[in-house]
Every structure is written in C-alpha cells, then in structure tokens.
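For 10-206, the entry in Swiss-Prot reads domain 'tr-type G'. Feature annotation from Swiss-Prot assigns region 'G1' to 19-26. Residues or ranges marked as GTP binding site by Swiss-Prot on the basis of sequence analysis: 19-26, 83-87, 138-141. Annotated Mg(2+) binding site per Swiss-Prot: Thr26, in sequence order. Taken from Swiss-Prot, the feature region 'G2' covers 62-66. Residues or ranges marked as region 'G3' in Swiss-Prot: 83-86. Swiss-Prot lists 138-141 with the feature region 'G4', giving similarity to another entry as the kind of evidence.
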Amino acid sequence: MAKAKFERTKPHVNIGTIGHVDHGKTTLTAAITKVLHDKYPDLNEASAFDQIDNAPEEKARGITINISHVEYQTEKRHYAHVDAPGHADYIKNMITGAAQMDGAILVVAATDGPMPQTREHVLLARQVGVPYILVALNKSDMVDDEELLELVEMEVRELLSSQDFDGDNAPVVRVSALKALEGDAEWGKTVADLMDAVDESIPDPVRETEKPFLMPVEDVFTITGRGTVVTGRVERGVINVNEDVEIVGIKDTTTKTTVTGVEMFRKLLDQGQAGDNVGLLVRGVKREDVERGQVVVKPGTTTPHTEFEGSVYILSKDEGGRHTPFFNNYRPQFYFRTTDVTGVVTLPEGTEMVMPGDNTDISVKLIQPVAMDEGLRFAIREGGRTVGAGRVTKIIK
C-alpha cells in the first residue's frame, strides 16, 4: 500500500495518553487507531496493542525513554499521539520534552477512580505546561452503578481543578477501550465520541513560525569583504532580510544589529523560518562580539537571566547517571540550547538530598546569563556527561 502523503492542509496536533498504570492508556491508544481506521479507512492504519506496548527506545537530551508514536486523522485534524507505557518513561518524557503535547487524554479506570499516579501525572502536566486535559473514563462497561460513575467523574473533575485545569468544563467521556478494540459497535462509538471531544476541546496550537523569532548561535565566522555570519537552526519565528535583531545571553551586554543576508546551503534567501539551518549576515558586528550559546532574537522578546526554578529528572545509575546523591550547593553545568553554563543548585526546603532516579524541583543560580523563557528545556551535565534533564518553571531574576 502506498504511504499517504503528509497533508499540510489539516491542523497538526500533538497529543498523548496519561494516567495510572493499568488504567488502559495503551489499550485506548490502540482502540482510537482501530475506531478511526474503521471510520476513515483511507486516512488511517490500525495499530495493534503489542506494537504500541513494545515501545521503542529513544534518546532525548541524553536520556533513554521508551515511547510509542502513532499517527491518525479525524475529519478535522492530523494527530501525532504519544504513549509512554512505563511510569518512569512518562515522567522522563514530560520533563525532557521528547514529545511535547498540545493536549492530553487523562485515562482513569471507572473501577478504581483517580489513583496516586493519576494525581502525579496531572501535577506534572501542569508543571510542564500541557495546555489542556480531557478525560477518558475507561472500563465503564465494568461499572453498572450510575451513581458510582458520577462519583468517579466528580473526583476526576476536582483533581483537574486542583491543578488549575478546567475541571468544570473538561469533557469526561465514558469508554471501554477493550470492548472497542474487540469490535463492539456501541463501545466503539464512545471512542469516536472521545475523538470528537478531542477535536472540539483541544485548542489549535500556535505554530512555531507565528512566534517571535529566535535562533540559538551555533557558530560564528567572518567572510572576507562581507562581514560576520552567525549560524544556527531557527527555533521559532521567521527572519527577513533587513530586519533588526538583538544578540543576547552569556555576555553582560546586548548587541543590536541588522540582518543583511540570510543563507541556506550556500544559497541566498529572502527569509529563514522555524526549522531552517541558516547563516545570518549581521551588520557592524565583530566576530569576537558573538559566541556560541547566545541567541539571535526579535528585539525586546527575550531577556537573559541568571536565576530560575526548574523541574528536573535525575538519571539513575543504570541510565548512566550519578552513582551518589547530590546535596545543596551542587554545581553542575546546565546545557541550554547550544552551550553549558555552570550553576549552583538550591534544594527545596525539607529536601536534604536528591537521589539518582528522582524527580524534584530545584532553584539554580547561573554564573553567566542565559536567554530563557518559562518552559525552556535543559540538560544537567558533569564534564560533558548528562546526569539529568529539566525544564524552567519560573524565572526569578
């Protein structure tokens, strides 16, 4: 069968299944692919449970994660769906951002109600900035008591509201992933209803090209007779020839300049956009004024900071991480985008030490300023070896 061309005509949305172990995240993922395959056979292939459950390993910021990606389409949208089978994999994926989510389906078994990992996943989704959650009340075929179902639904709504999600209005859809997967028409319809709710309730994501321009500097060199060129991959936004930019971070001063040329693969372009590897010719800037680790940005949109709070995952010994815990005033390097900057760690009150394999919140004071916004990911390294990963949750200074 010929592979269908990736249509850019539909909005593309990244989603994932989250929730307590054995509540049916992977079964639901398989059921969604089956139901959508039956409904729109030319748009979708069905993925078997085993295909999704035997998740391949992937590396993100030096951390190995087992994670499954499936894709499917509804009438309105193209979806990329991630399912991290293991609890630790889920935590690592959320913190490293291996697979970012525009929204999540929280799977809660009607037979159990919200469990400890349900709470932890919702808390983590809030910390890492998942914008929207809706609920699949799974295994609803196993609960005959309507009042019990209503009670579980109420508990889930309260849990969402407690983490600042819209618990009052979030869709809660009663499904049976297993029955839908077995081909039961009535329960299959509930999964179709769930996807209608996903279509309706998860907002269209803002495309990277629509955000303000930012390019991390990877390299700087001089072209005789033309001036200084900074190279890198455009992280977001668009840059046009003759636009003003600022080069910020690492140094104490901000350099203001104008982009007089954009090159890609030795060809001159009118513009570079998110995802492009480009060289920017910058006017009146000396080579020594710019270094790797800085960022080129639309003026006034990004500022450098030295103090922040972050949510981090520390690698276990088996994952190639530290063999010993670390304490207050730990001084590793924080790798932001293209460079390492040393920082001093302060642990939360009441935490004496952090063990390999833990996830925790920390405060960090960097020795050089780094251009950052809330949500920026980083790796924690010791002498070039990754020992953890994290995400900026709050900028202090």
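Placed from the backbone N, Cα and C atoms, the Cβ positions cover glycine too.
Annotated features, which come from Swiss-Prot, shown on the structure.
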residue : record              : CB count, 10 Å
Gly19   : GTP binding site    : 25
Asp22   : GTP binding site    : 13
Lys25   : GTP binding site    : 27
Thr26   : Mg(2+) binding site : 22
Ala84   : GTP binding site    : 24
His87   : GTP binding site    : 14
Ser140  : GTP binding site    : 21
I'm checking region-level scores; what's the whole-number mean pLDDT for the region 'G4' (138-141)?
98
What three-state class does DSSP give Gly19 (GTP binding site)?
strand
Between C-alpha atoms, which of these binding-site residues comes nearest to the residue listed as 'Mg(2+) binding site': Gly19, Ala84, His87, Ser140?
Ala84
Look up Ser140 (GTP binding site) in the DSSP assignment and report helix, strand or coil.
helix
Structural state census, the region 'G3' (83-86) (DSSP three-state):
0 helix, 1 strand, 3 coil
